[in-house]
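*Asks:* Questions regarding the structure given below will be posed in turn.
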Amino acid sequence: MAPNIRKSHPLLKMINNSLIDLPSPSNISAWWNFGSLLGICLITQILTGLLLATHYTADTHLAFSSVSHICRDVQYGWLIRNLHANGASFFFICIYLHIGRGLYYGSYLYKETWNIGIILLLTLMATAFVGYVLPWGQMSFWGATVITNLLSAIPYIGQALVEWAWGGFSVDNPTLTRFFALHFLLPFLIVSLSIIHLTFLHESGSNNPLGIISQSDKIPFHPYFTTKDMLGFTLMFFPLLTLAFFFPNFLGDPENFTPANPLITPPHIKPEWYFLFAYAILRSIPNKLGGVLALTASVLILFLSPLLHASKMRSLTFRPMSQLLFWLLIANLLILTWIGSQPVEDPFIIIGQVASFTYFFTLLFLFPITATLENKILY
């Protein structure tokens, strides 16, 4: 019998083992769709980004006008720009749900995959931040000023670091140029990290909703999960296109319709919605260095998840007490997101401080304590 080229060709064999004949647990739910959705988000962002980069000018005098030119004069430029801006929001929605799935079902016990995933999240956050500066509107400029200025809280080398990042003594043309270079470069780093992420995942195989070994019940990835992923793509593109066509500025900030002006500070400087939870944690501590440390810890705390796992069961499926705690954590993050969008005044200050404390306390203490308690009850 003639050898199947899909299984014998060196390149096709890799694709086959990753996307076609990959043995997958038979019971993985829709929560396992977000990996492929993140892949399609990344491809969409790179394609729309490349098209935008061909018309964009990374110069403080021309950046704002060039974005306006893209939307007015370039064929379907308005659509490409709207897809790129709102695609970033969907990227973050998918990655947050993907991380939430990992926390709920204990996927973080695949330590290598989990750690690369967190590095991916940090790279994505960096990419989104430098990208937000490029239109050179008011919120772009002041967001860049405020966030990069946080580096000055680092003892001894802080001020030098800020001036090095800015390329001068304030956010200006050198800053915009290097941010454009970084925004162009980082997505390709995300692609390579994603390949490493998948390599580690395929070493162990996927987890499943029951959190049990599924070696005895695997099915091929194609056609079952390729079809399921296609449905996921459709369900994601529908709201993305609805947003891009009908409500393109719904998630944006009105301040960004005003060209950057170093002499006028907007009344409320705030980042895009997907950073608001971390911004609320930053603002909840009335000390600059403390705030920066809390901001960093709010994401880096995810590295501790495998170390803090105290339960004898992997998933939360059969652990109602931990489930309640998990949903309280989600509610807490939503409160932080809301607080991040509010001005710094009572009662928002105290709500933010309580929510920030609860966030760290839940992850560091309540989850391990509850898991130990459940072990006592169940075993």
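Placement of Cβ uses the backbone N, Cα and C atoms for every residue, glycine included.
Note that this is a predicted model, so its numbers are computed, not measured.
Quick paste of what Swiss-Prot says about this protein:
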- His84, His183: heme b b562 binding site (BINDING)
- His98, His197: heme b b566 binding site (BINDING)
- His202: ubiquinone binding site (BINDING)
- 34-54: transmembrane segment (TRANSMEM)
- 78-99: transmembrane segment (TRANSMEM)
- 114-134: transmembrane segment (TRANSMEM)
- 179-199: transmembrane segment (TRANSMEM)
- 227-247: transmembrane segment (TRANSMEM)
- 289-309: transmembrane segment (TRANSMEM)
- 321-341: transmembrane segment (TRANSMEM)
- 348-368: transmembrane segment (TRANSMEM)
*Asks:* With an 8 Å cut-off on Cβ pairs and a sequence gap of 6 or more, do the transmembrane segment (289-309) and the transmembrane segment (179-199) reach 3 or more such pairs?
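*Replies:* Contact between the transmembrane segment (289-309) and the transmembrane segment (179-199): absent.
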*Asks:* Thinking of Cβ pairs under 8 Å, which stretch from 34-54, 78-99, 114-134, 227-247, 348-368 has the most of them with the transmembrane segment (179-199)?
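*Replies:* Between the candidates 34-54, 78-99, 114-134, 227-247, 348-368, the best contact partner of the transmembrane segment (179-199) is 114-134.
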*Asks:* I'd like the Cβ neighbour count for His183 (heme b b562 binding site), meaning other Cβ atoms within 10 Å of its Cβ, all protein chains included.
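*Replies:* Result for His183 (heme b b562 binding site): 22 neighbouring Cβ atoms inside 10 Å.
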*Asks:* Counting Cβ pairs under 8 Å to the transmembrane segment (227-247), which of 34-54, 78-99, 114-134, 321-341, 348-368 comes out on top?
*Replies:* 78-99
*Asks:* Given His183 (heme b b562 binding site) and His197 (heme b b566 binding site), what distance in Å do their CA atoms have, once rounded to a whole number?
*Replies:* 21
*Asks:* To the nearest whole angstrom, what is the C-alpha distance linking His98 (heme b b566 binding site) and His84 (heme b b562 binding site)?
*Replies:* 21
*Asks:* Determine which residues of the chain contact the transmembrane segment (78-99) at the Cβ level, with the cut-off under 8 Å and only residues 6 or more beyond its ends counted.
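*Replies:* That would be 31, 34-35, 37-38, 41-42, 44-45, 48-49, 51-52, 67, 70-72, 117, 120-121, 124, 128, 131, 236, 239-240, 243-245, 248, 251-252, 272-274, 302.
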*Asks:* Minimum Cβ neighbour count within 10 Å among the binding-site residues His84, His98, His197, His202: which residue?
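*Replies:* Looking at the binding-site residues His84, His98, His197, His202, the Cβ with the fewest others within 10 Å is that of His202.
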*Asks:* Pop the Cα-Cα gap between His202 (ubiquinone binding site) and His84 (heme b b562 binding site) into the table, whole Å please.
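*Replies:* Counting only the Cα atoms, the answer is 30 Å.
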